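Q: Below is a structure I'd like to ask you about.
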Amino acid sequence: MAGEQLQVLNALDVAKTQWYHFTAIIIAGMGFFTDAYDLFCISLVTKLLGRIYYHVDGAEKPGSLPPNVSAAVNGVAFCGTLAGQLFFGWLGDKLGRKKVYGMTLMLMVICSVASGLSFGHTPKSVMATLCFFRFWLGFGIGGDYPLSATIMSEYANKKTRGAFIAAVFAMQGFGILAGGIFAIILSSSFNAMFEAPSYEVDALRSTVPQADYVWRIILMVGALPAALTYYWRMKMPETARYTALVAKNAKQAASDMSKVLQMDIEAEPQKIEQIKEQKSRFGLFTKEFAKRHGLHLLGTTSTWFLLDIAFYSQNLFQKDIFSAIGWIPSAKSMNAIDEVYRIARAQTLIALCSTVPGYWFTVAFIDKMGRFAIQLMGFFFMTVFMFALAIPYDHWTHKDNRIGFVIMYSLTFFFANFGPNATTFVVPAEIFPARFRSTCHGISAASGKLGAIVGAFGFLYLAQNQDKDKADAGYPAGIGVKNSLIVLGVVNALGFLFTFLVPESKGKSLEEMSGENEDNEPQGEAEPPSSSGRRTAPVA
């Protein structure tokens with residue numbers, strides 16, 4: 001490394017793991033817990049929405065959301081998330097991480113509550129208001145991606161930075177799990193209080209009027225964890241890397257981190273002047289940026305895009321896959337609330353056995369194996385298991401083989417999370433310069449959400465039966481679940497290839513990875529930060 005590290009940044013890089021690291025993980029992680037709950041809880045209630053608002057008298061099957069409504073309800077939050085990632089990612093580099101962090105959280109709290117209060121006298125108006133609030137909920141969630149990743153990367157030390165950023169992202173697994181568990185408890189309670197026959201016994205009475213409260217409560221509860229962390233987010237100081245390298249306020253950065261690290265740190269204004277002179281040479285949309293980081297940005301955007309096509313297709317539509325193989329009984333054999341219970345139970349089992357462990361395997365091994373190896377391995381096994389499900393698909397639909405199908409399907413989730421779903425979040429927060437870090441992470445994440453939109457809208461149509469008469473009401477014939485799984489296998493294989501564009505950042509400082517010290521003249525050995533022995537209460 002040609003240049004010399006600022007003392008305050010060096011202190012962060014070599015700091016031992018302390019309480020403030022864990023507070024930062026919890027504060028940033030609760031945002032991700034909320035993100036996952038809010039994004040994925042909609043898949044628990046879409047079939048219920050169809051029964052309540054699109055019931056057809058005399059129909060053989062329960063009501064279901066029309067194709068355009070289903071696509072909108074499932075996908076509109078992703079559209080909001082994409083916009084939020086780009087906007088708040090850019091804003092995080094302009095105004096600072098901390099200022100923007102509070103805005104995103106309040107937006108999530110307000111829109112979670114508003115989603116559950118969706119109003120109107122007709123199905124169309126209820127769905128329209130639901131989609132409106134889900135879009136803005138997604139917009140807030142979008143800001144959480146670049147800001148949480150950037151804040152955690154800028155607070156962490158070199159040795160365990162990957163694990164800390166991955167731990168923030170791993171809270172997503174607990175959010176998915178919490179959504180499923182809460183839906184199980186709520187649907188069980190409502191089922192016990194308001195008994196109803198199955199659809200085939202009595203179509204009208206199978207959906208009790210109180211079922212309308214079930215989906216509203218499930219959506220609104222997502223506001224609670226976000227609201228509880230707002231105070232602590234506002235207490236966190238701005239990251240030293242933003243304050244020193246972007247805002248150019250060395251004194252404030254040293255003061256903030258002295259409190260957090262509980263040691264004396266020198267301000268070093270003379271080095272900030274050097275940075276000021278030498279670090280404004282190129283902007284984001286310049287040839288110099290393209291030369292230094294263009295391939296890196298292509299690598300992070302393409303791998304996240306391809307990963308999310310497969311990951312979100314699987315997550316949002318696993319209820320349809322479970323129904324197709326017969327793991328969830330036919331809709332007409334259940335009442336409306338019982339169907340919510342069965343879907344939630346299946347998704348919770350998958351989350352518990354594969355999704356959550358996969359995230360924490362990444363946390364445990366990312367700083368040992370490295371980001372590159374984990375991402376490559378994840379894409380490889382996702383490809384293998386997807387083809388293993390797709391090619392002998394007819395074999396898996398037989399009743400005796402359902403458990404095998406669920407195990408194989410769970411393994412694709414496990415290797416998504418002990419693989420690219422975690423690493424695509426970690427790497428963009430480490431390899432770009434501080435003044436572009438939040439923006440580039442936002443661009444990478446938005447590319448992922450574009451993939452999620454392709455997955456959410458595309459899989460909805462692709463997975464329909466090839467025989468139009470057997471497709472869901474209102475849907476055109478698709479290519480079938482088998483061929484859809486083959487397409488997802490090919491997508492995963494492409495992700496494996498594009499991983500070769502992504503650099504390894506294990507054990508390196510953020511400035512070393514981004515090249516921010518390259519142009520600085522060596523100034524001699526940096527003095528280690530002196531510990532005065534004084535104790536100051538941590539701010540973070």
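Including glycine, each Cβ sits where the backbone N, Cα and C put it.
Pasting the feature list from TrEMBL:
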COMPBIAS  513-524  compositional bias 'Acidic residues'
DOMAIN    24-507  domain 'Major facilitator superfamily (MFS) profile'
REGION    509-540  region 'Disordered'
TRANSMEM  20-49  transmembrane segment
TRANSMEM  69-88  transmembrane segment
TRANSMEM  100-119  transmembrane segment
TRANSMEM  125-143  transmembrane segment
TRANSMEM  164-193  transmembrane segment
TRANSMEM  213-232  transmembrane segment
TRANSMEM  349-366  transmembrane segment
TRANSMEM  372-391  transmembrane segment
TRANSMEM  403-422  transmembrane segment
TRANSMEM  442-463  transmembrane segment
TRANSMEM  484-503  transmembrane segment
Q: What stretch in 125-143, 164-193, 484-503 has the biggest tally of Cβ pairs under 8 Å against the transmembrane segment (372-391)?
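A: Answer, by Cβ pair count: 484-503.
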Q: Where, among 20-49, 125-143, 442-463, 484-503, do we find the most CB pairs under 8 A to the transmembrane segment (69-88)?
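A: Answer, by Cβ pair count: 125-143.
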Q: With a cut-off of 8 Å between Cβ atoms, can you find at least three pairs linking the transmembrane segment (349-366) to the transmembrane segment (164-193)? Only pairs 6 or more residues apart in sequence count.
A: yes
Q: Run the contact check on the transmembrane segment (100-119) against the transmembrane segment (213-232): 3 or more C-beta pairs under 8 Å, excluding pairs closer than 6 in sequence.
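A: In contact, yes.
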Q: Okay, the transmembrane segment (20-49) and the transmembrane segment (213-232): do they have at least three CB pairs under 8 Å, pairs separated by 6 or more?
A: yes
Q: Can you name the far-off residues of the same chain, 6+ from the ends of the transmembrane segment (484-503), with a Cβ under 8 Å from a Cβ of it?
A: 295-296, 298-300, 302-303, 306-307, 309-310, 313-314, 371-372, 375-376, 379-380, 382-383, 386-387, 389-391, 393, 420, 427, 431, 459, 462-463, 478, 513
Q: Can you give me the average pLDDT across the domain 'Major facilitator superfamily (MFS) profile' (24-507), rounded to a whole number?
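A: Mean pLDDT across the domain 'Major facilitator superfamily (MFS) profile' (24-507) comes out at 87.
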